[in-house]
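Everything below concerns the one structure shown next.
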Amino acid sequence: MFMINILTLILPILLAVAFLTLVERKILGYMQFRKGPNIVGPHGLLQPFADAIKLFTKEPLRPATSSTTMFIIAPVLALALALTMWSPLPMPYPLINMNLGVLFMLAMSSLAVYSILWSGWASNSKYALIGALRAVAQTISYEVTLAIILLSVLLMNGSYTLSTLATTQEQLWLLFPSWPLAMMWFISTLAETNRAPFDLTEGESELVSGFNVEYAAGPFALFFLAEYANIIMMNMFTAILFLGTFHNPCNPELYTTNLIIKTLLLTMSFLWIRASYPRFRYDQLMHLLWKNFLPLTLALCMWHISLPIMTASIPPQT
């Protein structure tokens with residue numbers, strides 16, 4: 001039964017990823033005054049499936065000098081971790097209801113760094129290695145601010161359990177009292193998922209394609225699936241944290257519909273940003289985090305910690 005539960009979670013995610021690739025190409029197309037994919041199926045709707053068949057039926061080439069085991073394990077690990085991170089998300093009922101769901105998600109996103117590092121190192125190519133090192137430095141750096149912002153939100157939530165966020169936000173979205181945190185969180189999720197304008201890992205002009213330059217066919221498709229599954233997951237996490245949805249136990253499908261609409265809008269903004277902004281320079285990327293975001297998030301975190309202590313002596317304002 002548990003296997004069926006897992007499959008009912010994984011298959012819709014993979015389907016959503018397939019159509020996200022199509023939506024991205026369509027949006028980029030319309031923003032550049034062209035149509036995008038429109039040949040395969042009605043309005044190009046079957047394009048993702050054609051791409052999948054093409055990629056998975058090609059021969060997976062491997063450089064002769066690469067480290068075989070790591071080279072094969074890295075893409076599988078990337079996708080496995082990307083799909084594992086969905087398990088504690090309440091939609092409205094999570095696959096695994098954890099008390100420390102937030103910590104689990106932080107740990108999983110930290111582990112995702114290893115798949116990138118292994119793929120870059122195992123490829124035995126200087127471009128792949130530089131791309132992987134950039135990705136690791138960027139991901140680890142932005143995880144610092146993500147963790148501090150999460151801590152601030154959880155201080156308002158009063159629990160590490162994600163399902164209680166719906167109760168916390170019954171009256172007011174956390175976006176309003178903590179909008180600076182929400183804005184920094186959104187920009188940090190862009191950097192965490194290696195999306196434009198922070199896609200320095202795959203700077204075509206300098207690194208060919210980044211850490212996955214030596215990958216082809218199936219393994220390359222696995223990296224691609226992992227990246228897009230992470231994008232949707234991060235946006236759903238943002239919607240749960242800052243745009244809390246009211247959960248009525250008698251009508252749980254309303255919660256799901258509401259959450260999916262919010263996630264879709266956030267994902268669209270990811271694609272819109274990709275079409276609108278050029279890539280950052282690497283030193284600007286690091287400057288933004290260590291000199292701007294980190295002091296601000298630390299100050300706001302201290303404020304959220306001291307607020308309940310300062311107001312502890314005030315009688316209840318009802």
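In case you wondered, yes, glycine gets a Cβ from its N, Cα and C as well.
According to Swiss-Prot, the protein carries these features:
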- 2-22: transmembrane segment (TRANSMEM)
- 70-90: transmembrane segment (TRANSMEM)
- 100-120: transmembrane segment (TRANSMEM)
- 136-156: transmembrane segment (TRANSMEM)
- 172-192: transmembrane segment (TRANSMEM)
- 222-242: transmembrane segment (TRANSMEM)
- 253-273: transmembrane segment (TRANSMEM)
- 294-314: transmembrane segment (TRANSMEM)
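Sequence-distant neighbours of the transmembrane segment (70-90) (same chain, 6+ residues past either end, Cβ-Cβ under 8 Å): 9-10, 13, 62-63, 96-98, 101, 104-105, 108-109, 111-112, 114-116, 118-119, 121-123, 162-163, 165-166, 214-215, 219-220, 222-223, 225-227, 229-230, 233, 236-237, 240. When the stretches 2-22, 100-120, 136-156, 172-192, 253-273 are ranked by Cβ pairs under 8 Å to the transmembrane segment (294-314), first place goes to 136-156.
Simply put, out of 2-22, 100-120, 172-192, 222-242, 253-273, 172-192 has the most Cβ pairs sitting under 8 Å from the transmembrane segment (136-156). Long-range contacts of the transmembrane segment (253-273) within the same chain: residues 20, 23-24, 27-28, 31, 91-92, 166, 186, 190, 193, 195-197, 231-232, 235-236, 238-240, 243, 245-247, each at least 6 residues beyond the stretch ends and with a Cβ under 8 Å from a Cβ of the stretch.
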